[in-house]
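One structure is given below, encoded as structure tokens.
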Amino acid sequence: SKRCRTTGLVARTTMVDSASLEFVVDYEQNKHLAVGKSVHSDYISAGGHDWRIHCYPRGWVKANNGKYLSIYLYCSEPATTVRVIFKANVMGRHGKPSPIAATSSVFVYSSKDDILWHGWSRFVKRVDLEAKCVIEGRVTFLCHILVMHDNPIPVPPPKIGNHLNSLIDGMDMDGTDVSFTTNGETFHAHRAVLAARSPVFRAKFFGLEAGATSSNIILEDIEPATFKVLLKFMYTDALPGDDRVLRSPPIEMFHHLLAAADKYALHRLKLICARKLGENVSLDSIATTLDLAETNSCLELKTKCIDS
């Protein structure tokens, strides 16, 4: 026989579903079961899962030689990983829980890892149980199951890319300390950001060249559209999605961008360009693409062309 009680409560970061069970075992009838053989309760529900208590009157582990009673909690096929607090004790002869057996543990159940059982192989010594807790041939176990559902405080995704992008959306914003001019178009930027992203700029601004570097740098080998994309990548680590920025045909833009990435030692951007160009290699473009790869020391793109 048994009595079952379920409750539910919500904490700030964790939801707890619980169930309590009085599991009465006919000990006199089952005390001679073989080691590893059990009697069990009916299923009870808690936290969206079905649970069952298994009692091994002569224990679960053969090495204990039948001297201990074992208690285990079984979960019927958890769909996900489940974290549980399992508490168990045994009723004494005076109608109160006995101090000879009172245990509580946190267990993790996972169908993925085939972990469906948890409990205690040495829950109580049989000699103590028989002396203090067997009442009219029966033993009553008091079991509590608390299922913990993680409900973490939500954390928004990082927006550092958006914040840094805002620094260059308005090119005349305060805080810029260097500018670049190419074909009559000027771009304002921050030395610290560029130096952090590119070892070439770091040497130019803070290395031996620093004293000779003007606050306005003239660029003669890069088009404004390409430099704008390059600058945006250096601030956000992403290529812009606005097609209005890409005034050259996309593939041609990646040709120029690969050369710029090589010049300023932007390895990730260089590989992005190489992948884009490699995906668009054709019989008509392979010679040009291979020459581009060799000129800009891009082994990955060169290998892609040769293997095509």
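Placement of Cβ uses the backbone N, Cα and C atoms for every residue, glycine included.
The following features are taken from TrEMBL:
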type	residues	note
DOMAIN	20-145	domain 'MATH'
DOMAIN	176-243	domain 'BTB'
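According to DSSP, the secondary structure content of the domain 'BTB' (176-243) in residues is 31 helix, 13 strand, 24 coil. Per-residue pLDDT, averaged across the domain 'BTB' (176-243), gives 88. Helix, strand and coil residue tallies for the domain 'MATH' (20-145), in that order: 14 helix, 71 strand, 41 coil [DSSP].
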